[in-house]
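Database features (TrEMBL):
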{"type": "DOMAIN", "residues": "55-319", "note": "domain 'Sugar phosphate transporter'"}
{"type": "TRANSMEM", "residues": "12-34", "note": "transmembrane segment"}
{"type": "TRANSMEM", "residues": "54-79", "note": "transmembrane segment"}
{"type": "TRANSMEM", "residues": "148-165", "note": "transmembrane segment"}
{"type": "TRANSMEM", "residues": "177-194", "note": "transmembrane segment"}
{"type": "TRANSMEM", "residues": "206-228", "note": "transmembrane segment"}
{"type": "TRANSMEM", "residues": "248-270", "note": "transmembrane segment"}
{"type": "TRANSMEM", "residues": "277-297", "note": "transmembrane segment"}
{"type": "TRANSMEM", "residues": "303-322", "note": "transmembrane segment"}
Amino acid sequence: MKRPQCCGEWYAPAVEVAIHSAFFLGLNVLINYVSKLYFSGPHDHTLFGYGLDYHFPLFDSLLDCVICTPLMLLFIWVFPSLRRVSWAQFWEFKMTLTLIAAIHMGSIVLNNLSLEWLGLSINQIIKGAAPLPTMFFAFLLVGSRYSLAVVLTVAALAAGCVVAVPPTEFRTSAEGIIAAILSMLLLSLKQVLYERVLSNSSATGLDPFAITFWQFALGAPMLFVLWVCNANNERAAVLVYWRDRAPTAIWIATASALLALAYNMSTLWLTKVTSALTLNIVSTIKFILVIVIPGLADREFVAYNWVGVALYFLSLCLYTVLSVPAEVERYDNALKLDEEEGDRFFLLPGGKFLFKGEVHQLIVSSRSQTFTVTPPLRAADEHDRLWGHHISETDPTAERTDCCDWGKLCFSVSTYDEKNMLPTRTK
């Protein structure tokens, strides 16, 4: 797969990144304000007017799953490249996918629940601290280690978020803070599980689209059971609201589901054309749109708020400087492989990518059989982050196991006789 070309041999990936980043950021901010509109009371003023008094975060998340699952199935049917999703894939990774779906749904429900009791700015402050538990979970589950400079920088960034909030925005409650903290912890854990699963997506087929689909598909029955059991005492109120305000309820359900699907899809496409670092930076920009700009417009900023804004931006710049060398190296290596060896792989049924090896001939008892050598692949940690296809390297130290259709004969090869194109050792 080659990079697209325009204007002769010139190509600017920054244009594509900018378009997807702007779309992702716009959806991120819009979802925050729309969620606040849904879950606020009729006397609470929001950006889009007074609240719609739709205090049903569990049922709203359930409808998102019910609507988005068939829509994503439609995407799979229309676009053949997405047909790596299958029942066989689910059955093979059922425990992992179920765990991720449960954590994902829990984080969404708790986040929506917190918006009923907290100001939007407080909700965003708590989310701003997410990198700290993310580093902790990454250390436990992935073995990632961070320098003291990175840890202190992330802590300073979170502190900047707190100090930058205008005093008029501090509307809090114990229930809301607990719900927001739990949501943030689940979100951090989910991101680490994403990293662990996606690191081997070239072999498993669990790319971002597949994970998103299974989150919705598996989340629907989980949320339905909780709603039927009346886990948060909203079942009766939901029926009354839909009976008395059916047009408003239908509008809320449709808009919420479409925004949820668009947000997940934009995250997928942004992940394809950029790195996790850029995605993180784009996500933090919403802090300015949600807190700083409204505070300036309403003349609510005081002196110490500017200190918080300055601390936030300085910490963000320092974090970028500390993290960018590894990202740039990964980016350059991926582009080099993409241009020189981007067509090295082919897709087998079940979604497994294998290296395109040379065709060899095996001679057994005066009979020959042609087969394709498929050297084992290392786990790819450059997965779908750049150009949407998998990049891997062969492992020169591993034995190569190959099979031919004739007689289902398999053998292991450590070296090859390049002159005769035959294995030098078989078993």
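The backbone N, Cα and C atoms fix where each Cβ goes, glycine too.
Highest Cβ contact count with the transmembrane segment (248-270) among the listed stretches 54-79, 177-194, 206-228, 303-322 falls to 54-79 (criterion: pairs under 8 Å). For the transmembrane segment (206-228), the list of distant contacts is 58-59, 61-62, 64-66, 68-69, 72-73, 75-76, 82, 84-85, 89-90, 93, 96-98, 100-102, 104-105, 109, 194, 197-198, 200, 234-235, 238, 264-265, 267-268, 271-272, 383-384: same-chain residues at least six beyond its ends, Cβ to Cβ under 8 Å. Cβ atoms under 8 Å from those of the transmembrane segment (177-194) belong to residues 96, 99-100, 103-104, 106-108, 110-111, 113-114, 117-118, 122-123, 126-127, 129-131, 133-134, 136-138, 141-142, 211 of the same chain, restricted to positions at least 6 beyond its ends. In the predicted model, the domain 'Sugar phosphate transporter' (55-319) shows an average pLDDT of 78.
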